[in-house]
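J.: The structure follows.
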Amino acid sequence: MSERPARMIVGISGASGAIYGKRILEVLRDLGVETHLVMSRAACITLAAEADFTKQDLEALATTTHSNKDIGAVCSSGSYKTLGMIVAPCSVKTMAEIATGTTDNLLSRAADVVLKERRRLVLMLRETPLHLGHIRNMAQVTEMGGIIYPPVPAFYARPKSLEDMVDHTVGRVLDLFDLDAGIVRRWQGTQGVE
């Protein structure tokens with residue numbers, strides 16, 4: 001019996017919220033998980049508009065970085081074993097590509113491979129409000145085995161900063177891969193509150 005590979009594909013699309021992808025890369029590095037980063041062109045544009053870190057900073061956190069144009073990269077094949085893939089953040093465009101099997105770039109191809117190999121795919125969808133087409137694509141991805149995980153903060157964790165909210169969400173996403181980074185404040189019940 002073979003062990004699960006300690007290897008994860010991390011996609012960053014053009015939706016707002018690249019801080020989630022950055023934190024996932026940091027935590028996976030700290031856990032000793034090999035990471036394969038794929039960023040869309042739109043992700044680079046969004047980074048410049050909202051982040052105090054650069055594409056190069058993200059690439060430095062990843063074990064390996066692949067061009068989104070490189071559809072022959074190792075993570076484009078099902079024979080390359082991984083724990084799965086997280087797209088953080090995931091734009092509705094990227095989700096639509098995944099939902100419809102459009103695989104003309106590495107980000108959507110890698111997600112398609114993860115689904116066909118029955119591995120875990122988590123899309124941190126960052127868009128509101130949603131129209132019916134978005135909801136149908138969410139259903140399609142879910143029916144194919146993917147998980148839609150909007151980065152919604154958990155206020156029971158009593159976050160004191162943006163970093164606290166990001167950490168809690170990232171920790172819960174990694175829980176889906178049975179990876180405990182120790183950054184989640186776990187629910188302890190209401191403890192007598194009625």
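Any Cβ shown, glycine's included, is placed from N, Cα and C.
Note that the structure is a prediction, hence the values are computed from the model and not measured.
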J.: Given TrEMBL annotates Gly14, Ala15, Ser16, Ser40, Ser91, Val92, Lys93, Thr94 as FMN-binding, which of Arg119, Arg120, Arg126 belongs to that site as well?
T.: Arg126
J.: When you average the Cβ positions of Gly14, Ala15, Ser16, Ser40, Ser91, Val92, Lys93, Thr94, Arg126 for the FMN site, which other residues in that chain have a Cβ within 8 Å of that mean position?
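T.: Going along the sequence, the neighbours come out as Ser13, Ala42, Ala43, Thr46, Pro89, Cys90, Met95, Glu127.
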J.: Can you count the other CB atoms that lie within 10 A of the CB of Tyr156 (dimethylallyl phosphate binding site)?
T.: 12
J.: Could you tell me the C-alpha distance between Arg172 (dimethylallyl phosphate binding site) and Arg126 (FMN binding site) in angstrom, no decimals?
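T.: About 16 Å separate the Cα atoms of these two residues.
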J.: Could you tell me the mean pLDDT over the domain 'Flavoprotein' (7-176), as a whole number?
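T.: Value for the domain 'Flavoprotein' (7-176), mean pLDDT as a whole number: 97.
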J.: For the C-alpha pair, I'd like the distance in angstrom between Arg126 (FMN binding site) and Tyr156 (dimethylallyl phosphate binding site), rounded off.
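T.: Spelling it out, the Cα of Arg126 (FMN binding site) and the Cα of Tyr156 (dimethylallyl phosphate binding site) are 21 Å apart.
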J.: Measuring Cα to Cα, tell me the gap between Ser16 (FMN binding site) and Tyr156 (dimethylallyl phosphate binding site) in whole angstrom.
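T.: Each residue's Cα considered, Ser16 (FMN binding site) and Tyr156 (dimethylallyl phosphate binding site) end up 24 Å apart.
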